[in-house]
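Asker: Encoded as structure tokens, here's the structure I'll be asking about.
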Amino acid sequence: WGLLLLAAALGGMAAAHCPAPCVCDNLRAHVLCLNGSLAAIPDTIPELTKKLDLRGNSFTIIPVGAFLATPYLTHLDLQHCKVERLEEGAFRGLGRLVYLNLASNSIALLYQESLDGLFSLQQLILEGNRIEEIQPGAFGHLRSLTVLDLRANALVYLPDMVFQGLEVLRWLRLSHNALHVLGSEAFAALPALRRLSLDHNELQALPGEALARLDGATRLDLGHNPITYVAEEALAMASLRHLFLDHASLQDVAPDAFVRSPQLRMLDLRENQLQGLPPLAGAGGLARVSLDGNPLLCSCLLRPFHNWLARARVQAEGACAAPPALRGRALDSLKPPEMRCNRLRPPASAPAPSQQPRAAGGRQCPQGCVCSLDFRHGSCENRDLREIPRDFPRDTRLLDLRRNTFRTVPPDAFPGLKELVSLHLQSCGIRALQPGALRGLESLVYLYLTDNQLSTLAAAAFEGTPQLAYLDLDHNAFTHVPAGAFQLLPNLISLHLQHNTIGELAEGDLAGARGLRWLYLTGNAIRHIAPRALAPTKMLEKLQLEGNHLAEVPTAALQGLPALSELKLSRNPIKCMGDGVFLPVASSLQHLYLDNMGLEQILPGAFAGLGPKIRSLYLENNKMSNIPNMSNFTGLEILNLRDVPFHCDCQLLPLHRWIKKLNLRVGATCGSPAEACGLKVKLSTTFQSCPGWGQGEAGEASPEKTKAASKSSKKKRSGKSPARGFNKSRA
């Protein structure tokens, strides 16, 4: 209260320092700078501010000590700020911060000191970034954190001890990533964890060894993973009560699969491929099993399970799929005599996945390098090396060789490192990756070759790396995509070719990249994309073409991309958006970036097919005076219309009414006529003279009346201006 009273008393002085275009509430110590064009954190925010909302700006980088001037912050919101990098020490000085939201940015990597100084933080939201890798120790300073949200990123691998330091964390959210490799000690440092969300990933087997470290977890979400079999004693979680394995690919479950999880109460197995289940030994506390959506064969083979349900008093949800006489019957309505066998053979059980013996790691380390036995890391960063060193411990998982001068990577450069998962070769002056350079790296998932001098690549360079999923070739010397280079990479998910000088995307360039989901081509010189250039990438979800030289939307190239959810065309010189340009991806597109293009005209049918699925649309910093009808965009969470010179006459009345109904800050401003210039479209009074205005904001002017009003207003002006309308753009 003392601080609040002081802030109120000094309100005039604080208001004087409130940076434009922010709004400062001195009594509550809140500052809002929403959906602006800020490119840097303002340094004139009142010192006593407790809650700072910076959503919808454009920061790109959060530099060291960015918030040192606001040490009393408790809540900080940086959603949708186009942040790509958190520098080490970015949040130092925020020892009081309890809530930090960094959702929906473009952060790719978390370094060890990125979150340094946040020792009071309780909630950290990193949902919807493109985090590919987390270095162990990144969360080591967050000793008060209770919720960590990493949903919808690009994680494939979790190394051992990656969450070390999170001693009071209660909920870890890892849904909607691409995880398929978990270190056996990945969750070893989470003694207080109660809920773990791993649904919507790529786990092909239950990660029992990693999960066994979670003695206190009571809920585990593993739905929507391609798990086919739950093996004997697969899950050893002493406190687990709720297990979700729905929408997986389960074909069989071992009888004693859950014998080491004695507290299990609810088991969700909906929408799998189970024809039946055995009696579940040791699951004495189980109260409910959900089997809806499975092809249950209600023959004599199901009798032991059915009898067990009755004896153990377990409620079962599900219905028979066969035989025909019992199809649709609920399990709990069946009687044993009805469950007959007519020479039916039981389906073959899926074999349990073999357990690979863990290789013993050596203890050697090359001279001048540092090898961490706990984290299984090796580092020779910035040691002025001319050749790639050898003799790292055989169990090394991460190898950091950044900022040396290798020039070339010779064949068999990394012998004996079969367990290596992440290899960092950034800023090494590399001009050539020779055939067989990575041979033997059979577990490699991440390869970083940023800031080198590569201009070409051969497929043979990736021989022996079948698990490679993330390839970063940003800031090299490529003038074209190295055609055929990805033929030996069936698991490639993310390809970075940003900030090269690529001039076109030709057919065959991406041959072999059939699993590619994210393609980053920002900051090149692409003028043309061949109609079939993207044909091999049928699973593509994100396509970033920002800052190229495209003069039109590459509609033909978007054919055959049924999963594309994000398309970024910002900063391309596209002047006119034609009819139906997004039709090939209209059924899947959720995020569309059309900002900073100098766009002058959007034809009425440009957004044909788009609608409720669109969650974010960026149109800021363009030159059109109106936009097509978007009243069917009912799912919008973000709409940015800042710095667009809208002509606020009666043709724009439908847009005015639509914006007023939205619970969003869109930033739309009138550019003309003169009496409305600078006013918000939402608040402009120029619409009050339009026919239909008196009917209330719920009604809309008919097209005939709107057209007549437009003609009348034109007569009042010079009579020379072309017609302007919500569905017609001014040329």
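Any Cβ shown, glycine's included, is placed from N, Cα and C.
Marked as signal peptide by TrEMBL: 1-16. Positions annotated as domain 'LRRNT' by TrEMBL: 17-51, 364-398. The annotation domain 'LRRCT' is assigned in TrEMBL to 294-342, 645-691. Look at TrEMBL and you will find 341-363, 693-731 tagged as region 'Disordered'. The compositional bias 'Low complexity' feature in TrEMBL is assigned to 345-360.
Help me picture where these features are in the structure shown.
Answerer: Regional average pLDDT for the domain 'LRRCT' (294-342) in the model is 91.
Residue counts for the domain 'LRRNT' (364-398) under DSSP (helix as H, G, I; strand as E, B; rest coil) come to 0 helix, 7 strand, 28 coil.
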Asker: What does DSSP give as the helix, strand and coil breakdown of the domain 'LRRCT' (645-691)?
Answerer: 19 helix, 8 strand, 20 coil
Asker: At a C-beta cut-off of under 8 Å, are there same-chain residues at least 6 beyond the domain 'LRRNT' (364-398) that contact it? List them, or none.
Answerer: 135-137, 159-161, 183, 404-407, 409-410, 413-424
Asker: Could you break down the residues of the domain 'LRRCT' (294-342) into DSSP helix, strand and coil, giving a count for each?
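Answerer: Final tally across the stretch: 22 helix, 10 strand, 17 coil.
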